[in-house]
Ligand SMILES: Nc1ncnc2c1ncn2[C@@H]1O[C@H](COP(=O)(O)OP(=O)(O)O)[C@@H](O)[C@H]1O
Ligand SMILES: [Mg+2]
């Protein structure tokens, strides 16, 4: 084990060279560290992003099958009959693995009685402007289980500004959440009671206002003519919407949306769900487009980060190998003396490797830790801002058909994101800011050390080709 | 101790071989000089018997076994010790560490024996301060004495030297020759010195001349 001592003697005797080697190694290790941090950040971002976008399954009537049936029908007056979704099926599906929650949607319309609906502004005079036909009321009723799970609320297009949203506790009540423009026009506040009447009969219903929401798209110009003003949408419990529709709609819904907690499992949940439902009447539609978008974008980020790590590692290895080769050339004489003394070649290579490892340890120990912390902080802040920009970009396509018209707010905020250029992620789950917690941990340093060791080993091996071929006679006898 | 059997060598670029059919024998406890003009092939011959190169023809026997059998690395480690004209010390070490390193590498019986190494350096005229500073701060004569001390502390029974006095003045030359005689007569080793200087040859027990591709006893 004499070569350890030789390595030490050589390092301490040639201090200038050792310091230079340490500096170069620190620099290379910093590049590797940066690559690793980017890699970790990308990993975390990917995981978080995948988690934060939900995937959903929507249970609704099988319209395609109904159309086919209608066309086949020999009746002279074929009728399109779609079957409302049975809630008993929905509860069964909700119990499947990976289904975290579900939201029942049942939409209908009523006419305002105790107040006036907001009339359509400018373009309401078009041919379609006479919107209230006999079957369509001026107030759109969206019956839901839970307003917070409606996409327009979860993506923050709609925001509760006063009172509260509807929850499962509002089932079988006449509680409602109305839009702020309607509230201010009609001077309705939380706690008031409003009256609406059925579009077909003369039945009236009293609704208690428990909350007011603000629709950011209430002045949207993207609505086609004939659409009612978004401010005329009120949210109620789905049971109320069913009551308005009629007694045969009890225990049914237009659609039920299931949130799948693990988006990658969405197809297996769908398979299991399809066994529960009658496929000729109902259909389960997957919506994991946001997940797929995020997945694709994030996989790009990851492969990019992977490439950076490899690039840096390869560049580092080449640089160090060149330096070690130069160093070994400079030390041909010493190698010759060792060979003349009968030292085995691998022990000479071993000595150089030990020297490089000592250099590496010192480089990581003093350089890496100090500068690495600073670099880590910086990367974290950059990474998290770009990632959150990507993820919080509200999607244009509303994943869940909530009966609420419009809903196209928010520009693509992630457009200028450095890494994942504008991944539009319309999320049905909550849109979260993804905070990356990347620190230079002990583990990072150990990994860095491992990487450095591999680089040193490779460089020494590459450079040692010269040692293995060196003829001592040539070096020692001129 | 050392025998060459029909030894022959030539460089591929050259038409004629440097020497052919060389049959020499060197005995333990004796010093032998090989003289010859510059370019006659003395260094080449020495590199063969030192195990630094392989002969083109013939074999070299050390204590009855072919040095190829011993293995050239092993032969250099255990059996032969070389002194060069340009000293060839570890330039980044002190004289003492040079000796200790050589002892360790050759796995000699005195490996790790610092006092033994210091005694040897003292005997060869180095002060305690000198043996601990960098070897390059010593004079040429002192450096060659360190190289000879290195040979003297190691176990190898064959000592070969290539123009060991080539860089030295007369006084140092005389001292160095005296040291080689000690190695042969007191340590009982076999000493082979390649030299151009006839004074060196005269001081040795035996001498060969290499001229016109032939070795002849003088
Ligand atoms: N590596 C080599 N390649 C080719 N020719 C060489 C080489 N080394 C020495 N020679 C030639 O071989 C001859 C003998 O060289 P050398 O053994 O060094 O002689 P000496 O030591 O007696 O001066 C010289 O003519 C020299 O030019
Ligand atoms: Mg010569």
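Using the three backbone atoms N, Cα and C, a Cβ is placed for every residue, glycine included.
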- Task: Could you tell me which of the ranges A:119-140, A:141-162, A:163-184, A:185-206 is annotated in TrEMBL as region 'Disordered'?
- Result: A:119-140
- Note on the structure: TrEMBL feature transmembrane segment, matched against A:308-328, A:392-412, A:413-433, maps to A:308-328
- Message: Averaged over the domain 'ABC3 transporter permease C-terminal' (A:308-367), what pLDDT does the predicted model reach?
- Response: 88
